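What TrEMBL says about this protein:
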type     : residues  : note
DOMAIN   : B:110-326 : domain 'ABC transmembrane type-1'
TRANSMEM : B:6-29    : transmembrane segment
TRANSMEM : B:50-70   : transmembrane segment
TRANSMEM : B:114-135 : transmembrane segment
TRANSMEM : B:147-167 : transmembrane segment
TRANSMEM : B:204-226 : transmembrane segment
TRANSMEM : B:256-281 : transmembrane segment
TRANSMEM : B:305-328 : transmembrane segment
Amino acid sequence: MDGLSGKKPAVVWLLNISVVVLVALWLFPTLGLFVSSFRTSEQITSSGWWASLFPAEQTLQLRALDPDDNRIETGAGMFVVEGNVLEGDYAEVNIDRWGTSSRAPSAYTIGDTADLGDGESMTLNADGTYIWQGNDDQISGRGQRLFIIATVPPEFTTDNYKNVLFTEGNSEDMAKAFFNTLTVVIPATIIPILIAAFAAYALAWMDFPGRALLIATVVGLLVVPLQLALIPLLQFHNAIGIGKGYLGVWMAHTGFGLPLAIYLLRNYMVGLPRDIIENARVDGATEFQIFTKIILPLSFPALASFAIFQFLWTWNDLLVALVFLIDSSGETTVMTKQIVELLGTRGGDWEILATSAFISIAVPLLVFFMMQKYLVRGLLAGSVK
Amino acid sequence: MHPALLGLITITVGVSGCIGYFYGSNLLLDKVLLPASGPNAGRNISRRELIRPWLFLFPAILALGLYLAYPVVATLILSFQERGAGGVRTFVGFENYTQMFAEPKFAEAMRNNVLWLVVVPASATGFGLLAAQLTDRLRWGNIAKSIIFMPMAISFVGAAVIFKLIYEARPEDVAQIGVLNHLYLLFGGAEPQQWLTIPFWNSFFLMAVLIWIQTGFAMVILSAALRGIPEETIEAAIIDGANPLQIFFKIKVPQIMGTIVVVWTTITIATLKVFDIVFAMTNGQWETQVLANYMYDKLFRANDWGMGSAAAMIIMLLVTPILVWNVYNARKEMR
């Protein structure tokens with residue numbers, strides 16, 4: 001491409017624009033969820049999330065202060081109320097036009113004085129301060145209504161997160177599910193790594209009959225759909241008395257993760273320099289020492305790659321948790337299951353759905369962006385030969 | 001006991017158990033069973049090198065055998081059985097299969113699965129190749145790649161929520177909050193559509209989720225393959241006057257064909273196993289059933305283990321050609 005795109009500006013532009021479109025297309029869905037999780041339920045249902053990113057024109061209906069408490073006599077039976085309509089919630093609002101009746105909410109511009117008849121008047125300034133003048137009769141009862149056509153800046157709230165995570169007795173107990181997920185994921189990531197590392201070393205650097213067959217078996221098992229394992233293993237877990245629970249789900253994840261772990265680690269270990277290992281053997285190191293002192297530290301990138309895969313996979317898993325972990329009590333529910341449940345029961349409550357979903361994808365995204373290097377490396381080791 | 005505590009104990013017990021096993025068994029072999037001293041020192045040393053690999057492999061073989069190899073056989077057997085009164089299983093031959101083939105829901109699942117298998121790997125690989133090629137020489141290419149790769153980290157369930165928001169339909173007289181309906185109305189659509197309830201087309205709306213997730217994977221791998229192409233072949237093509245399209249399709253693509261096939265088959269496998277997306281978004285309603293969800297339905301809703309296992313065997317059967325091909329390639333490579 002460089003023979004061409006490097007030279008002609010038009011092509012460079014086209015290239016940049018098409019990549020921008022592609023990136024936007026891929027980012028847009030996640031962004032929608034992210035933005036929605038910071039909006040109130042009224043905001044979500046009243047406008048599309050994309051509209052919330054830009055200032056929106058709105059008609060606000062406000063009132064001047066209660067005249068009976070706030071009026072000041074200016075002499076000769078005339079009174080005045082001064083104040084600021086934008087105080088409090090509307091501090092950020094930019095007034096475009098305003099009016100004093102619902103029929104003409106945009107009758108005046110900023111700084112105009114509205115004639116309310118019989119000498120009563122209202123003046124509104126850009127900062128929201130107003131002067132409302134009139135006689136004893138006029139400046140009494142309720143405060144004068146003010147209609148303001150205003151540009152409201154984007155407004156976001158973190159209340160959804162507080163609500164979903166910290167509100168006591170919340171039916172959508174995401175906090176509990178979050179910790180359950182964590183409880184599933186950590187052992188299910190660490191244990192297969194250990195088992196696989198030893199096996200991978202044997203398959204990479206030890207010579208024994210049947211080695212080629214074993215490697216072929218591992219490659220074959222890589223693609224065996226775990227759907228096949230559900231019923232036989234559930235029977236097995238029931239037979240040995242662990243039933244549904246954490247122990248079962250840890251063991252299942254370990255078993256299902258092993259082929260990839262062995263495959264990745266073996267591919268990596270085979271590439272380590274032969275000299276180091278042979279020298280260590282000549283110097284009298286035992287295989288166990290070679291493994292722990294030389295191979296394991298050198299294989300760190302491959303270990304990290306697999307750890308990320310397994311972490312993402314176990315964190316995001318629904319099927320294995322449904323079958324091996326979650327019993328009828330629902331005490332051990334994980335986040336993915338919780339969200340599916342919310343989709344069913346509260347499909348319209350987007351503020352809760354979006355927030356819950358975002359909580360569940362925040363951790364993998366964080367891991368993804370921090371460890372992307374290792375993830376890419378692992379993918380390449382696993383696929384490109 | 002608190003699950004977190006249980007988890008901590010399991011990690012400690014599991015990790016120290018693993019290390020203890022490996023350390024202890026090696027020690028036992030070296031010092032007690034076959035010591036490198038005494039009259040048989042030489043024979044002992046060669047013998048223990050025969051045994052040691054199996055010490056290293058034992059836990060992995062046990063786990064693989066129990067959790068992956070045994071279930072294949074057990075499921076096969078279950079698929080030929082029927083559970084009668086009192087949980088007694090009797091052999092019924094191919095009855096589960098014939099019964100399943102006669103079910104319209106199964107035919108629907110098969111039809112949809114074929115559709116998924118054609119559309120998803122092709123689109124994901126195609127988009128991935130496009131993204132890899134376009135971002136290749138771009139200054140901000142790495143950032144672009146990062147973003148396209150990102151959905152990979154998002155769970156199918158999370159993605160299901162994300163896309164449900166996109167497909168959301170609201171009554172005609174209020175503002176649309178789903179992007180798709182918003183655009184549909186903007187470009188002259190008559191009324192908001194419930195996208196996920198339109199038979200046939202709704203499958204494509206579900207596929208979009210998987211394509212969105214898998215494209216990044218394809219892109220990362222194909223991008224590395226593109227970079228591995230020798231410069232000279234491209235330079236030679238430029239000197240010979242090839243245009244960019246010719247360079248791409250006639251020089252680059254043939255050289256990375258092997259990688260394209262690997263990516264394609266990997267995504268094919270992921271597609272065959274797709275469960276979460278359908279489960280969370282439509283649960284097979286409105287003619288969106290796929291095999292994995294059909295199987296789950298049979299196993300855990302209808303509680304029919306025979307037919308569920310038969311459905312699982314169909315998935316296994318569809319995976320088998322790829323399995324054989326992978327093993328064949330792996331063996332060829334080791335020689």
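Any Cβ shown, glycine's included, is placed from N, Cα and C.
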Fill in the blank from the handout: Sequence-distant residues near the transmembrane segment (B:204-226) by C-beta distance (under 8 Å, 6 or more away from its ends) are 115-116, 119-120, 123-125, 127-129, 131-133, 135-136, 145, 148-152, 154, 156, 159-160, 163, 167, 195-196, 252, 256, 259-260, 262-263, 266-267, 270-271, 274, 277-278, 281-282, 288
Handout entry: Contacting positions for the transmembrane segment (B:6-29) when only residues 6+ beyond its ends and CB under 8 Å are counted
Key = 48, 51-52, 55-56, 59
Completion exercise
In the same chain, residues at least 6 away from the ends of the transmembrane segment (B:114-135) whose Cβ sits under 8 Å of its Cβ atoms read 141-142, 144-145, 148, 203-204, 207, 210-211, 214-223, 226, 248, 252-253, 260, 263-265, 267-268, 271-272, 274, 290
